[in-house]
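A short write-up of the structure that comes next.
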Amino acid sequence: MGTQKPRILPWLISQLDRGELEGVAWLGESRTRFRIPWKHGLRQDAQQEDFGIFQAWAVASGAYTPGKDKPDLPTWKRNFRSALNRKEVLRLAEDHSKDSQDPHKIYEFVNSGVRDIPEPDTSQDNGRHNTSDTQEDTLEKLLSDMDLSPGGPSNLTMASEKPPQFLQSPDSDIPALCPNSGLSENPLKQLLANEEDWEFEVTAFYRGCQVFQQTVFCPGGLRLVGSEAGDRMLPGQPIRLPDPATSLTDKSVTDYVQRVLSCLGGGLALWRAGQWLCAQRLGHCHVYWAIGEELLPSCGHKPDGEVPKDREGGVFNLGPFITDLITFIEGSRRSPLYTLWFCVGQSWPQDQPWIKRLVMVKVVPMCLRVLVDIARQGGASSLENTVDLHISNSDPLSLTPDQYMACLQDLAEDMDF
């Protein structure tokens, strides 16, 4: 027998009716519109009471226990916003979150009668609550307790189910400036800019022997192909894997590798969509992927997923990476992984040495390597001269440790989880 978690709408209505939280209030006698303070956490004038509604929901939902858990303002705000955004009876009427004097948002019930939802009994779970309520509670708990590991589900359909609306969303929390950092703007936000291209280091191995390495900027993404021609009509810059006959001496192995390359067809496509890296196979041979160390893939266990055919699949999410990087700097975990490994034409080497596989390809997003290096060295200003972020059109980076942390936290609030 446990305590039932409150539902967001009845709980929020009760908070509005009480009027005890600073800035949280009904607008007008009809009580269909209300305002929520929405001050950025890095503003110099930010006070604890500015985030009262977010903390109160974190406590009520069981995501935060005062005195036990570490306060996490960005996560509280994201969870609260996500809970509201999932409600079809609510809409964001006005966004004044960039107002320098009074940052806030105004929400509106699209059905005037919905605000009369009764507050559920939260004393003892008597097992008689509505099935839909149970599903809602379970979903919200899964979302709040989710382990945001970098390896997202391989069957994510990014293009149709999760478009990168967070890039220039009107509901974005990030202001034009990066407060408390002494910077006029956050240079790390270039990572999400539509017009910016990431630089990738691509390395290919045939039976464990490195046969190819190239560092490229690829507008529209890249495609690993096995022939010179490929299909020029497909998007992404084709990167041809080398003829195995030029580097392998075993003829039987050479023949097998050539067979795999011939089945690549249109290639293995990899591109960035906002905070995601997406992949799709355009040929017949299966491709499995996993996040691992730069020096070797994560063998000994199953792959993180299989690259889907004829649709997009998410293979890397920048959001959890940034969150884990912040936690690493705080000393609470190891540095996050960022290297993508692909096993082409064969099953993932979970029970065998990876060097036994015919074709393995490693892809390193150079900007993520730089971010981890900065964290390990205690700030970009601690490295020699300035740091290249390895993004097209980006300026050299030089940040103190405090500036770097502030920019990471600022960037994290721009993420969609």
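A Cβ is built for glycine as well, from the same backbone N, Cα and C atoms used for every other residue.
For 5-111, the entry in Swiss-Prot reads DNA-binding region.
Other C-beta atoms found within 10 angstroms of the C-beta of Lys189 (ISG15 cross-link) number 16, with every protein chain shown included. What Swiss-Prot lists as ISG15 cross-link is Lys189 (among others), and the listing cites similarity to another entry.
Listed in sequence order, Arg207, Gly208, Pro349 are the same-chain residues six or more apart from Lys356 (ISG15 cross-link) with CB atoms under 8 A from its CB. The ISG15 cross-link feature in Swiss-Prot is assigned to Lys356 (among others).
The feature ISG15 cross-link is assigned by Swiss-Prot to Lys362 (among others). Secondary structure at Lys362 (ISG15 cross-link), as computed by DSSP, is strand.
DSSP gives Ser14 (phosphoserine) a helix state. Taking the Cβ of Ser14 (phosphoserine) as centre and 10 Å as the limit, one finds 12 other Cβ atoms among all the protein chains shown. Annotated phosphoserine per Swiss-Prot: Ser14 (among others), in sequence order.
As annotated by Swiss-Prot, phosphoserine applies to Ser97 (among others). DSSP gives Ser97 (phosphoserine) a coil state; it is part of no helix or strand.
Per Swiss-Prot, the feature phosphoserine maps to Ser123 (among others).
According to Swiss-Prot, the feature phosphoserine maps to Ser184 (among others).
Neighbour density for Lys362 (ISG15 cross-link): within 10 A of its CB lie 21 other CB atoms from the protein chains shown. Look at Swiss-Prot and you will find Lys362 tagged as N6-acetyllysine, backed by similarity to another entry.
Marked as phosphoserine by Swiss-Prot on the basis of similarity to another entry: Ser381 (among others).
Annotated diphosphoserine per Swiss-Prot: Ser382, in sequence order.
Residues or ranges marked as phosphoserine by Swiss-Prot: Ser382 (among others).
The feature phosphoserine is assigned by Swiss-Prot to Ser392 (among others), with similarity to another entry given as support. According to DSSP, Ser392 (phosphoserine) is assigned to coil rather than to any helix or strand.
Swiss-Prot lists Ser394 (among others) with the feature phosphoserine.
Sequence annotations record features per position, and here Swiss-Prot assigns region 'Disordered' to 111-134 (among others).
Marked as region 'Disordered' by Swiss-Prot: 147-170 (among others).
Ranking the modified residues Ser97, Ser392 by how many Cβ atoms sit within 10 Å of each one's Cβ puts Ser97 at the top.
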